[in-house]
Ligand SMILES: Nc1nc2c(c(=O)[nH]1)N[C@H]1C(S)=C(S)[C@@H](COP(=O)(O)O)O[C@H]1N2
Ligand SMILES: [Mo]
C-alpha cells in the first residue's frame with residue numbers, strides 16, 4: 001500500500017514539473033503558461049477539501065456511532081482520555097494552571113485541530129497517492145481503537161466508533177479524489193504495476209517505475225465534485241450533531257434517578273455555622289462555597305452519569321471478614337452524618353482557586369469498614385491502604401489508619417443541601433478531612449478495596465505524586481486583587497486560611513516586608529473547615545506588596561520557602577501587589 005509513497009516521498013503536493021501534474025487544473029480557462037502557481041494552489045485547495053471532508057465524515061459518523069454505544073466511546077473522548085493519562089505531571093500541572101477548568105475544552109479542540117491538519121495533509125497527498133493516502137486514514141482508526149482499548153473503564157463496543165469512522169473517512173477520501181480524476185481521462189483506475197499487498201522490502205519495487213499518478217483530464221467534473229463535497233459535509237455535520245444530541249440524552253435515566261432523591265435528615269446534623277464565621281468583606285470568598293462555584297478537578301472528559309437506582313458499591317479486600325455490597329438506598333437508610341469540610345486539590349498553587357468549603361451529608365466510612373471486619377494497622381489489621389475505584393476507572397488510595405482515626409471520613413451523598421451534583425461525583429463520593437482530593441475524594445465511587453501501599457499504586461501515585469498527602473497549612477489573599485488600585489486610607493485585606501483537621505490558629509499580614517500584623521479571624525466552624533481573616537490596612541499612596549502566612553493549631557507556620565505542587569502540594573506565602581492612589 002505504501003509502495004508509491006516510498007518511491008516518491010518528497011512532494012506529494014505537486015511541486016514537481018507540470019508534466020507530471022497528476023490532477024486537473026482548477027481554472028481550466030487560464031493559459032498554461034504562467035498559471036503554474038495558480039494551478040498548484042488550486043490543487044492544494046482541492047486536496048484540502050477532500051481531506052477535510054473525509055475527516056469531518058469520519059468524526060461525524062464516529063460521533064453518531066458513539067451515541068449508540070456510550071458518550072465516552074467518542075474517539076475525541078477516548079483519545080483525549082488517553083492523552084490525559086499519558087501527560088507528564090509537569091505538563092498536566094501546566095495545563096491545569098494555565099487553562100484551569102478550561103483545560104478539557106482546550107484539549108478537545110487541540111485534538112480536533114490536529115485531526116484537521118492530518119486530514120488536510122492526507123487530502124493533498126491523496127491527489128497523487130490516492131490509494132495510500134485513503135488507506136492512511138485507517139491509521140486513525142487504529143489510533144482510535146488503541147486509545148479506546150487503553151481506557152481504564154473500557155467497554156468492548158468502544159472500538160466501534162473509531163472503526164466505523166475510519167472506514168467512512170477512507171471511502172469518502174477515495175471517492176472525492178476519484179471525482180477529481182473523472183472526466184476526459186483514461187480509465188479512472190490505471191493498471192496497478194504492483195497489485196496486491198506490497199512486499200515492503202522488495203528491492204525491485206524501489207527500482208521499478210513510479211506507479212502512474214492519477215490521469216490528467218482536461219477538466220474534472222466540477223459540478224459533481226462540489227455536489228459530492230457538499231453532500232459529504234452536510235451528512236457529516238448532520239451525523240455529528242445527531243450523535244451529540246443523542247449523547248446528551250444519554251444520562252436521562254441518571255438524571256431522573258438524581259431528581260428522585262430525597263436526602264434523609266442526618267442522624268448527626270452539622271452544627272450551625274457560627275455567626276462570626278463569615279466576615280462579609282466584599283471580595284472575600286463566601287464561607288460556604290455554592291455548588292456551581294465549587295472547583296472541579298478530574299480526568300473525566302465526559303462527566304459520568306450514573307443511575308443511582310442500579311448503582312452498587314462493593315467493599316472487599318485484604319482483612320475484610322465480611323464483603324459488603326450496598327445499593328444507594330441501602331446507604332440512605334443508614335445513619336447519616338452532616339459535616340462542613342473544606343476540600344483542597346494538591347494542584348492548587350499558592351494563592352490558587354482549587355479549594356472549596358461545603359456542607360456534606362454521608363455515611364461514616366469507618367463504620368462501614370468496621371462492619372466489614374476491617375481493623376486499622378495500629379490494631380493489627382493487615383491492610384494499610386483503602387483504594388477507592390470510580391466508574392471511570394480512577395483509583396485513589398487513602399491510609400486506612402487515617403480513615404479510621406475518628407475523623408469524619410465519609411461516603412458523601414449530599415453537598416450543600418442537594419444530592420451530589422454529577423460533576424462532583426453523584427451518586428456517591430469519598431471525603432477524608434485533612435487529605436488532598438487525589439488521595440481521598442474519589443468521585444463516582446463504585447468499589448472500595450483494602451490492600452497495602454506496598455502492593456498497589458493508585459492512579460496519581462503512578463504519575464509521581466506522593467502516596468500520602470495531608471493538606472498543607474495555607475492562606476490566600478482574596479482582596480484586594482493583584483494590581484488593584486485602592487484609595488489611600490483604610491483598606492481591608494482579607495482572605496481564607498486552611499489547615500484541615502488541625503484548625504487555623506493565627507493569620508498574619510505584612511506590607512512591603514515590614515512587621516507582621518495579626519489578622520482578625522472569622523469564628524472557627526470546625527477544625528476541618530477553612531477560616532476567613534481580615535486585617536484593616538492603613539494604606540498609603542504608592543506600590544505595595546501584601547503578604548500573608550497562617551499558623552495552625554499544631555504550631556506549624558506556613559513556610560516562606562516556595563515549592564511547586566508536585567509531589568505533595570505547594571508551599572510559600574501568597575503575595576499581592578497593589579498600587580494605592
Ligand atoms: N473519579 C474521580 N474522582 C476524583 C478525581 C478524578 O479525576 N476522578 N480527582 C480527584 C481530585 S485530584 C480532586 S482535588 C477532587 C476534586 O473534587 P471536586 O471536583 O468535587 O472539587 O476529586 C478527586 N476525585
Ligand atoms: Mo486534586
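Just so it is clear, glycine is given a Cβ too, placed from its N, Cα and C backbone atoms.
Here TrEMBL gives region 'Disordered' for one range in the set 154-186, 187-219, 220-252, 253-285: that range is 187-219. Range with TrEMBL annotation transmembrane segment, chosen from 44-66, 67-89, is 44-66. Range annotated as transmembrane segment by TrEMBL, chosen from 18-39, 106-127: 106-127. Sequence-distant contacts of the transmembrane segment (106-127) (same chain, at least 6 residues past either end, Cβ-Cβ under 8 Å): 12-14, 22-23, 43-44, 46-56, 58-59, 76-77, 79-80, 83-84, 95, 99, 133-134, 136-137, 140, 169, 173-174, 177, 180, 214, 301.
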